[in-house]
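Residues or ranges marked as domain 'tRNA-guanine(15) transglycosylase-like' in TrEMBL: A:14-374. Summarising the annotation, TrEMBL assigns active site, proton acceptor to A:Asp94. What TrEMBL records for A:Asp94, A:Ser95, A:Gly96, A:Gly97, A:Tyr98, A:Asp148, A:Gln196, A:Gly223 is substrate binding site. Annotation source TrEMBL lists region 'RNA binding' at A:254-260, A:278-282. Per TrEMBL, active site, nucleophile is recorded for A:Asp273. TrEMBL lists A:327-350 with the feature transmembrane segment.
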Number of protein chains: 2
Amino acid sequence: MALSFSLEHTDADSKARAGKITTAHGEISTPIFMPVGTAGSVKAVTQQQLYQEVKAQIILGNTYHLYLRPGIEILNKAGGLHGFMHWDKPILTDSGGYQVFSLAQSRKIKEEGVLFQSHIDGSRHLFSPEKVMDIQRNIGADIIMAFDECPPGQSEYNYAKNSLMLTQRWLDRCINHLNSTEPLYGYEQNLFPIVQGNQFHDLRKMSCEYVASKQAPGNAIGGLSVGEPEAVMYEITALCCEHLPADKPRYLMGVGTPWNILECISLGVDMFDCVMPTRNGRNGMLFTTNGVINIKNKKWADDFTPIDEGLPNEISHYYTKAYLRHLFVAGELLGLTIASLQNLCFYLWLVSEARKEIIKGTFTSWKNAMTEQLKQRL
Amino acid sequence: MALSFSLEHTDADSKARAGKITTAHGEISTPIFMPVGTAGSVKAVTQQQLYQEVKAQIILGNTYHLYLRPGIEILNKAGGLHGFMHWDKPILTDSGGYQVFSLAQSRKIKEEGVLFQSHIDGSRHLFSPEKVMDIQRNIGADIIMAFDECPPGQSEYNYAKNSLMLTQRWLDRCINHLNSTEPLYGYEQNLFPIVQGNQFHDLRKMSCEYVASKQAPGNAIGGLSVGEPEAVMYEITALCCEHLPADKPRYLMGVGTPWNILECISLGVDMFDCVMPTRNGRNGMLFTTNGVINIKNKKWADDFTPIDEGLPNEISHYYTKAYLRHLFVAGELLGLTIASLQNLCFYLWLVSEARKEIIKGTFTSWKNAMTEQLKQRL
């Protein structure tokens with residue numbers, strides 16, 4: 001069964017939408033945030049906690065990391081990533097394009113693909129569109145991403161254009177290779193192409209039209225949240241949403257803060273992923289319904305109120321700010337788990353509230369008030 | 001309500017006993033293992049997991065660590081350690097005696113107490129019997145330990161004897177100070193004296209008799225598992241059990257491996273604590289019903305069997321050896337959590353099985369077979 005998307009409600013005052021994605025591993029209510037499980041684990045969180053506390057509907061894995069460790073042979077023997085990590089809901093895998101450009105020790109971009117050295121042991125590898133499709137076949141995610149070039153955020157027009165042309169040729173090779181191979185685990189995998197084009201409107205528009213012409217089950221916007229001003233990110237996101245099909249889910253890759261997510265929902269984005277809730281959580285930065293907390297701050301030392309009373313999750317009520325601060329100060333691993341859970345619970349709560357507000361027809365006013373509230377530094 | 005102990009069954013073929021300890025925070029079935037939560041957290045494990053997965057009946061905190069961080073003022077404001085970490089079952093606190101001797105940067109033992117420097121910031125502190133009782137009043141554990149001197153395992157007879165005499169004088173000061181102060185949180189705290197005397201039979205016997213004369217609600221055996229041969233540990237444990245009251249729980253401090261615990265249960269010990277399940281777990285050493293596993297070993301890379309099918313716990317069935325090995329190899333925090341949970345679940349399972357076998361009258365043969373099985377290196 002291929003992925004399908006049904007639109008349930010479109011906001012009158014914005015481009016926000018509420019919908020439902022159906023995959024072989026179940027349904028996803030949109031807008032949705034996808035916790036990042038880079039190497040087969042959402043860091044510091046158990047799968048039980050992802051199901052029961054976070055109520056994650058889909059998680060993300062990363063082709064580059066999974067290819068290096070545990071490797072394709074192990075994943076294949078395990079029946080794919082679902083079996084390997086024992087996760088029965090939908091999974092999306094990033095193509096590794098972004099990682100080979102940002103993580104690998106050295107890399108050489110050719111028409112054929114990208115030659116790179118592993119950040120772990122310096123070993124040499126080639127990622128081509130075909131290779132990346134084969135790897136993603138073995139990982140077995142429900143949604144798989146096209147292999148794209150990710151040019152630096154500050155690229156000149158000509159570099160950006162040449163890069164986009166390469167990404168488009170690679171997209172065709174991804175599609176061709178995927179069409180000539182079969183899924184390995186008995187269910188369909190769905191390729192999402194990625195829009196590139198940096199901050200150049202004509203390139204973004206061209207990319208959207210090219211991507212749209214492929215009639216993929218969903219489409220992604222890449223190359224944002226890489227250092228550009230927020231206003232530029234919103235402007236390009238709005239432009240891409242306008243030119244991407246309305247009847248397919250739109251996935252904005254790697255974005256972002258809670259208020260970035262609210263704003264981009266209002267622009268028509270349906271799917272998000274970001275390492276921010278887990279990474280910032282491990283550094284002691286908490287996102288709460290009242291604003292942002294640096295839990296290491298001395299001011300929380302004797303604050304015995306719950307971490308976040310505004311969330312329905314047990315973890316947010318069970319532990320106090322004073323206790324969580326103590327765990328961070330004492331270097332206790334439990335602190336990393338609680339902070340990661342708080343932030344993931346918050347992100348999942350935020351998108352589910354957004355969805356309710358869209359359906360109620362009150363999204364825009366709610367978003368504006370919520371944005372002020374969430375940005376506060378407590 | 002003071003702690004009470006009822007003996008339910010005494011083994012015919014050994015000194016093993018099954019009993020029940022009742023505290024203000026609930027009942028404890030013995031023999032029992034107490035997970036160590038040194039600084040107010042059983043490392044890498046949530047309180048929810050302790051309740052639901054591990055089924056811990058009592059946990060241990062440490063006076064030295066809690067006194068340094070978060071400090072007595074915070075603990076007092078939180079209503080004690082139970083409130084601070086949100087743990088509603090019984091807690092036992094170690095007196096800090098062992099830590100000031102093993103962890104502090106420098107220490108000076110005087111009749112008054114021990115002057116030491118914090119291992120965290122070098123700050124100077126005095127632990128006296130009275131001070132340690134005051135700290136434990138503020139922590140509010142159900143079972144609190146006397147402040148003892150912990151002489152090196154290889155001490156000469158005269159050093160050991162003088163040390164024991166000091167420990168006995170300190171015990172009297174602990175009892176006097178406790179009797180002259182009130183519990184802070186409305187429930188009784190129960191002081192366990194600690195038997196010392198190194199490997200010297202006459203000193204151990206003298207210490208047991210002194211300790212027994214105090215008619216405390218429970219008694220502890222200290223100064224073992226500090227590098228002596230296993231045979232010596234068993235010999236001294238047997239001697240102490242013989243000379244300690246039979247109608248009070250006996251707590252063997254800091255012991256040990258699964259087979260140490262089984263052997264010491266057979267000698268008459270009721271309570272155990274040890275950092276081994278959590279510390280060794282974080283190093284990739286798993287205790288399972290089939291034997292010991294170094295999960296980092298290459299041989300587990302494609303072993304897709306559950307971590308331990310012999311345990312009833314979800315965590316032991318849910319994740320495979322291959323997945324857990326991957327988490328360790330990739331440095332994922334989840335590996336530390338799963339390994340800690342596996343080992344704690346195993347230790348709690350082991351003592352509950354021992355209890356069943358004692359009640360059935362089949363303990364000794366079960367223990368002998370189990371010891372062989374558990375010691376195997378897989």
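Glycine is no exception: its Cβ is also placed from the backbone N, Cα and C atoms.
The structure, with features from TrEMBL marked on it.
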| residue | record | Cβ contacts under 8 Å, 6 or more apart |
| --- | --- | --- |
| A:Asp94 | active site, proton acceptor | A:Leu60, A:Gly61, A:Asn62, A:Thr63, A:Tyr64, A:Met145, A:Met253 |
| A:Ser95 | substrate binding site | A:Thr63, A:Val132, A:Gln136, A:Ile144, A:Met145, A:Ala146, A:Phe147, A:Asp148, A:Ile194 |
| A:Gly96 | substrate binding site | A:Asn62, A:Thr63, A:Tyr64, A:Tyr67, A:Phe127, A:Val132, A:Ile135, A:Phe147 |
| A:Gly97 | substrate binding site | A:Phe127, A:Val132, A:Met145, A:Phe147, A:Asp148, A:Glu149, A:Cys150, A:Ile194, A:Gly222 |
| A:Tyr98 | substrate binding site | A:Cys150, A:Gly222, A:Met253, A:Gly254 |
| A:Gln196 | substrate binding site | A:Asp148, A:Glu149, A:Cys150, A:Pro151, A:Ala160, A:Ser163, A:Leu164, A:Thr167, A:Leu203, A:Ser207, A:Gly222, A:Gly223 |
| A:Asp273 | active site, nucleophile | A:Phe33, A:Met34, A:Pro35, A:Val36, A:Leu60, A:Leu92, A:Tyr251, A:Met253, A:Gly254 |
Among A:Asp94, A:Ser95, A:Gly96, A:Gly97, A:Tyr98, A:Asp148, A:Gln196, A:Gly223, the record's substrate binders - longest CA distance, Å: 15
Shell of the substrate site beyond A:Asp94, A:Ser95, A:Gly96, A:Gly97, A:Tyr98, A:Asp148, A:Gln196, A:Gly223, same chain only (C-beta within 8 angstroms of their C-beta centre): A:Phe101, A:Met145, A:Ala146, A:Phe147, A:Glu149, A:Cys150, A:Ile194, A:Gly222, A:Met253
Three-state secondary structure, which DSSP defines for A:Tyr98 (substrate binding site): helix
Secondary structure of the residue listed as 'active site, nucleophile' (DSSP, helix/strand/coil): strand
All-chain count of other Cβ atoms within 10 Å of A:Asp148 (substrate binding site): 30
Confidence summary for the region 'RNA binding' (A:278-282), mean pLDDT rounded: 98
Residues in the region 'RNA binding' (A:254-260) grouped by DSSP into helix, strand and remaining coil: 3 helix, 0 strand, 4 coil
Three-state secondary structure, A:Gln196 (substrate binding site) (per DSSP): coil
Assigned element (helix, strand, coil) containing A:Gly223 (substrate binding site), judged by DSSP: coil
Counts of helix, strand and coil residues, the region 'RNA binding' (A:278-282), according to DSSP: 5 helix, 0 strand, 0 coil
